[in-house]
């Protein structure tokens, strides 16, 4: 009996002492675990190594390792070296050598400068679609009136999308037609006002990526339309990578915005039915007034001739060049291709060229050495107005 009491008394004391020591050990291990966890959290180290360092089984971790710790889906692990997510409302501290600023590139040797990074926007993330082949903005036949008063300042305010120098591109689509419109010019300010008044809205409705270049011949020597067009081609390419060139007289206005001021697979004659000629084509070879050539087509014929001083002949020479290079002329129908001409008397120093018929007869020979490869001129002034760019040039004198 005494033996039993001694045994029971001893056994009652032993479990209490043992449990107390076990609890102290468990508290110490938990404190160590908490301390190591805190240190690793603040330093951004990999928490997946904690069980190996503290020697605590996954059962004692209580699900703080792996996917459960970062709320990751089962089977996914945080990459080695990745920072654990901070508590809600707490911003992560930068890591020396890795984070130079919030949002910096996370990797050694990578530099970040927030001021140089583009700010993501809806338009920046989503690329614009290509403009449709036929613009939905066209209205068709239009009334052209040359008796209205035109104020260029007011016109510029009504067309805020036009950039300085007469540059425009659609804001809601990307146009494949990068068009430079070249106007040979001298002393036609009133005509230019009407041209800008009517053409800018038309070109915008056609959804073209375009620029307007007025090539102004300085001095009072004989006018040379074709040479000015060559100059316009070269000068426009200094501004932008145009792929199409429309060559337009300043006194011609289209009466239908379906008459496209752009390039096609073949050279395009745009002013096919002028009121001056009773809204009909004067002759099959006629290529004057307004025409369009792609960059490749223009280069293939060595540009336009430089030796047609005075009125007439150069458009027929251009037609011959195209035919000799195996090209054909594309035209709109006589309804869409209607144009109005601003009536005016013939300019001084633009009298008919008496040599034009002889020169036209020899186009096949002269086109090899008369054109872009023989073009000489001097730019005297460049003015970029709100609605157009004017380039004043000295083109020399007839030889």
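Note that Cβ sites are derived from N, Cα and C of the backbone, with glycine treated the same way.
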Identity of the N-acetyl-D-glucosamine-site residue among 340, 343, 356, 359 (reference: 313, 314, 315, 316, source: Swiss-Prot) | 356
Quick one: sort out which of 8-60, 61-113 is the region 'Disordered' according to Swiss-Prot.
-> 61-113
By a simple count of other Cβ atoms within 10 Å, which of 131, 173, 244, 250, 263, the recorded positions in the record, is least packed?
-> 173
Using C-alpha positions only, work out which of the binding-site residues 184, 186, 188 is nearest to residue 315 (N-acetyl-D-glucosamine binding site).
-> 184
Nearest-integer angstrom distance between the alpha carbons (Cα) of residue 173 (disulfide bond) and residue 251 (Mn(2+) binding site) | 31
Candidates 251, 314: member of the binding-site residues with the richest Cβ shell (10 Å) | 314
Whole-number Å value for how far residue 186 (UDP-alpha-D-galactose binding site) lies from residue 263 (disulfide bond) (Cα to Cα) | 26
Consider each pair of residues in 313, 314, 315, 316, 356, all listed by the record as binding N-acetyl-D-glucosamine, and report the largest Cα separation in Å as a whole number.
-> 10
